[in-house]
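Visitor: In case it's useful when we look at the structure, here is the feature table from TrEMBL:
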{"type": "TRANSMEM", "residues": "26-48", "note": "transmembrane segment"}
{"type": "DOMAIN", "residues": "41-290", "note": "domain 'G-protein coupled receptors family 1 profile'"}
{"type": "TRANSMEM", "residues": "60-78", "note": "transmembrane segment"}
{"type": "TRANSMEM", "residues": "98-123", "note": "transmembrane segment"}
{"type": "TRANSMEM", "residues": "144-164", "note": "transmembrane segment"}
{"type": "TRANSMEM", "residues": "197-221", "note": "transmembrane segment"}
{"type": "TRANSMEM", "residues": "242-260", "note": "transmembrane segment"}
{"type": "TRANSMEM", "residues": "272-292", "note": "transmembrane segment"}
Amino acid sequence: MNKNNGSSMTNFILLGFSDRPQLEHIISGVVFIFYIVTLVGNTTIILVSNLDSQLHTPMYFFLSNLSFLDLCYATSIIPQMLVNLWGPTKSITYGGCVLQFFFALDLGATECLLLAVMAYDRYAAVCQPLHYTVIMHPQLCQKMVLVAWLGGLGSALILCSLTLKLPRCGHREVDNFFCEMPALLKMACVYSKVIEVVVYALGVIFLLVPLLLILISYAVITQAVMRIKSTARWSRVLNTCGSHLTVVTLFYGTLIYMYMKPQNSTSQDEGKFFTLFYTIVTPTLNPLIYTLRNKDVKSSVKRILCIEKWSAKS
């Protein structure tokens, strides 16, 4: 049998939750609501961060990039998922699968680096307040974001090229609701030690190292917070840092569980629900976490709405 035949360009079948048809309608309704909240919440943060001059700071520059990432990430996955859940067919074209796979890797890796950058920004703001504007100058912020985007792009190109070269021996069924790496690797009819090593190496670079830097940053921040005597400033630091730490815990926790464990140690159903969490729930929670815990964003929204209301009356 010619193994290369299995890698030809053909439609794939996204199995998703087809083995649990009674859940598909419930899941589709929940996913649709979450997607609307993701679109509205992240778009609001991007608009507010750009329209309000008081939010033209490094923190909100990074936050607007995070919101843009979440918008792109959710949009690369959820519309196709809803089409498959609502329609009779569960198929996706080869090109569509490749794009889903690439953007999921690219945007996921970029977010890992961006969250580490945001932790450094909080460290500079809390521990070096007098030198904050000098340390986090606009050129440095732009370079850090650019490195995060390019790093994500590089990792996605490496993993995509290696994974898509694997022979599939005619296998067309992707046992997940989108073209994710673990599901695509299970379709292959050969075992690749190279890919396993590369995945673990990139996992260390994009998951464990950024997480370690974040934990170090927050350890130093915690020491600094304990020395703060002003209750108002102490509360403000906890609000901004608490929001970021919540997002970090949700995002890194599920990703490390999925990608740093041996693939055979996670059941497929368990993997689907974990994937559902970090691809759909996390992008929805990010804007809610940052806005509900952040007085600056809420005040900015009120100011913009009041200006619009006043302009409409006049």
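Each Cβ is built from the backbone N, Cα and C atoms, and glycine gets one as well.
All TrEMBL annotations are machine predictions without curation.
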Visitor: Sequence-remote contacts (6 or more beyond its ends) of the transmembrane segment (98-123), Cβ cut-off under 8 Å?
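Guide: Contacts with the transmembrane segment (98-123): 58-59, 62-63, 65-66, 69-70, 72-73, 76-77, 80, 92, 136, 141, 144-145, 147-149, 151-153, 155-156, 159-160, 163-164, 178-181, 184, 202, 206-207, 210-211, 213-214, 217-218, 220-221, 240-241, 244, 247-248, 251-252, 255, 279.
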Visitor: Cβ under 8 Å to the transmembrane segment (242-260), counting only same-chain residues 6 or more beyond its ends: which ones?
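Guide: Apart from its flanks, the transmembrane segment (242-260) reaches 108, 111-112, 115, 118-119, 122, 181-182, 199-200, 203, 207-208, 210-211, 214, 218, 266, 271, 274-275, 277-278, 281-282, 285-286, 289-290, 293-294.
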Visitor: Using Cβ atoms only, state whether the transmembrane segment (144-164) and the transmembrane segment (197-221) have three or more pairs under 8 Å that are 6 or more apart in sequence.
Guide: yes
Visitor: Taking residues 6+ outside the transmembrane segment (272-292), which of them lie with a CB under 8 Å of any CB in it?
Guide: 16-17, 27, 31, 34-35, 37-38, 41-42, 44-45, 63, 66-67, 70-71, 73-74, 77-78, 104, 176-178, 180, 243, 246-247, 250-251, 254-255, 257-258, 266, 298, 301
Visitor: Where else in the chain does the transmembrane segment (26-48) make close Cβ contacts, counting only residues six or more beyond its ends and a cut-off under 8 Å?
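Guide: Cβ under 8 Å, 6 or more out: 17, 55, 63-64, 67-68, 70-71, 74, 78-79, 81-82, 85-86, 276, 280-281, 283-284, 286-288, 290-291, 297, 300-301, 304.
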